[in-house]
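Below is one structure, written out as structure tokens, with a few remarks after it.
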Ligand SMILES: Cc1ncc(C[n+]2csc(CCOP(=O)(O)OP(=O)(O)O)c2C)c(N)n1
Ligand SMILES: [Mg+2]
């Protein structure tokens, strides 16, 4: 049926609103007020701005839309539905069905619906990243903008523009109050990412009430100070002013743009002043009906899509996107002929595959009593891999010389303002934004890595968790892994961090025990493209084990393996990771010389060991051998499962101390003698 409003644009905007209201009200859960207010922005972006083909939602040159205020998820779902965005299967093939059906919307926030409470990446095509924790989405958007610049610089040619997409992120007061957003904005401003546009919902309200309570800064002035182009829109319902603002974004050549949009939460609902109703709670059907009346919609009809709205999206977004995609395909076809080598690299990016020969130069390390710090071996292995994975980029939060995370080979280069071709990123001291940005880099198809001291994972844990939720292969290079840091003392000595990181479901935590384990852990991690990996590496040296005497490090692929064994049933199993593996080895030698049967098990990655068959796990840790000792310079918690109720643990139970690391190890009793004593 048709409704009173004759203006098709308003009708489309109001349909986004009413679908969102009905979904929230039906679920009786969620935030309706923000989608109602922001509907004009979503409409203007999708239908009149973005280079986006709803029939090709994974098109590499599509503009990205990030809904950083994930609590307004219905805004995204309603818009993707009306825009006719197609579904894709796991392999990325486009299906002849909608990504978000009306049925999904009717089941908003119900189990099994792709319309989850907050947008979940990969649940439905068109959701570019998982948002919900405020600030996360905008930090991802900076990584996406970095990726576009990098791809354009490295792969566009004078004849062929493959990458000219922009990134739009919609954010709220909460987003901009979060520290991570300011870190990310500071980085984006520094890098002069003019392909990045944030639209800020300046509605002067958060959950507790008016922003007067807690947020009175001048956001525009702040962003000017951060090097951004600041544009204002007085009323988002004036679509032409939005269009003008977006033109100002396009015209700006050397800065990211923030469009500060005045909006009224719960727009159209008569009692919108009721902050509760507009925020964490549905409006109630009465209010919903009144709002629908104010839009000229049939008040009692639910999930109503007036005639012409879907056609209107098809006519604008659909046609524009189809033409843009077709013309890009022509460019891509020509590019493949003209630049086969680069095209093959890009195909790997598009397919999320590692190129052939990616691991051919991973070094093998010679046995050495003196050995090396695993951070040093990591630097060598990272460089050997990255040299053969041309789309691997990353960097450190100002600790590259300590993290050994710099790519040093010929041509690696730095990624700097207006010099966007380099592979070494410089995140500055912004750990959380770094991890958020690297998630955005991985979401863009590149293999991104982020490096810092292990102890500062505390500062980026939110983003690490999101890379696991999103199944991104984000690589975290984390050095200075324990009290082995020595003189820097307790603030710099991780204690609970191994357990804390292992507690993040889906994050593989690797703590290699010598140089060859570093190589094998990298080899394993690189091939896992649906989980993030953390490489936890030492500052101090550890011996490089002789792999003819001990089992090959290839066992790392299984998470844990028997490093050295005895005849018959072991009297004791010693197990450890990282720098404490060497303690297990020397304790085993001593115990063996005293006539004990000793097995040493190396445990570089508990998560992968957990994934092995029961048979393999029992083979490594025979259930009948209950005398087990685990050694790790961290807390005991996650070892209990492996050592069992009879087991002993040699490690930490509180914070570390400042001093030369050998003395600190002695002080806390993490020594060969302690392991020998525990074994007895
Ligand atoms: C990191 C984080 N902290 C807290 C929340 C819970 N939360 C959801 S929305 C919101 C604030 C809403 O205010 P605003 O960001 O201005 O959005 P609006 O209500 O105006 O849409 C909060 C605190 C969250 N989602 N993420
Ligand atoms: Mg707000």
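Don't overthink the numbers, they just go from 1 along the chain as shown.
The backbone N, Cα and C atoms fix where each Cβ goes, glycine too.
Note: residue 480 (substrate binding site) has non-local neighbours 375, 402, 453, 454, 455, 488, 492, 494, 537, 538, 539, i.e. same-chain residues 6+ apart with C-beta under 8 A of its own C-beta. The substrate binding site feature in TrEMBL is assigned to 31, 279, 375, 402, 480, 488, 492, 539.
For residue 456 (thiamine diphosphate binding site), the same-chain residues lying six or more positions away in sequence with a CB closer than 8 A to its CB are 397, 431. Taken from TrEMBL, the feature thiamine diphosphate binding site applies to 71, 132, 133, 134, 174, 203, 279, 456.
Feature annotation from TrEMBL assigns domain 'Transketolase-like pyrimidine-binding' to 372-544.
Of all Cβ atoms in the protein chains displayed, 26 besides its own lie within 10 Å of the Cβ of residue 31 (substrate binding site). Residue 31 (substrate binding site) falls within neither a helix nor a strand when secondary structure is assigned with DSSP, and so counts as coil. Look at TrEMBL and you will find 31 (among others) tagged as site 'Important for catalytic activity'.
Taken from TrEMBL, the feature site 'Important for catalytic activity' covers 279 (among others).
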Within its own chain, what residues at least 6 apart in sequence put their Cβ under 8 Å from the Cβ of residue 203 (thiamine diphosphate binding site), listed in sequence order? 34, 37, 172, 173, 262, 263, 264, 265
Cα-Cα separation of residue 132 (thiamine diphosphate binding site) and residue 31 (substrate binding site), in Å? 12
Distance filter, Cβ under 6 Å of ligand 1; input binding-site residues 375, 480, 492; output none
Of the binding-site residues 132, 203, 539, which ones put their CB under 6 Å from ligand 2? 203
On the three-state reduction of DSSP, what should I expect for residue 402 (substrate binding site)? helix
Cβ-Cβ distance under 8 Å to residue 174 (thiamine diphosphate binding site), same chain, at least six residues away: 69, 134, 135, 206
Can you give me the Cα-Cα distance between residue 71 (thiamine diphosphate binding site) and residue 31 (substrate binding site) in Å, rounded to a whole number? 6
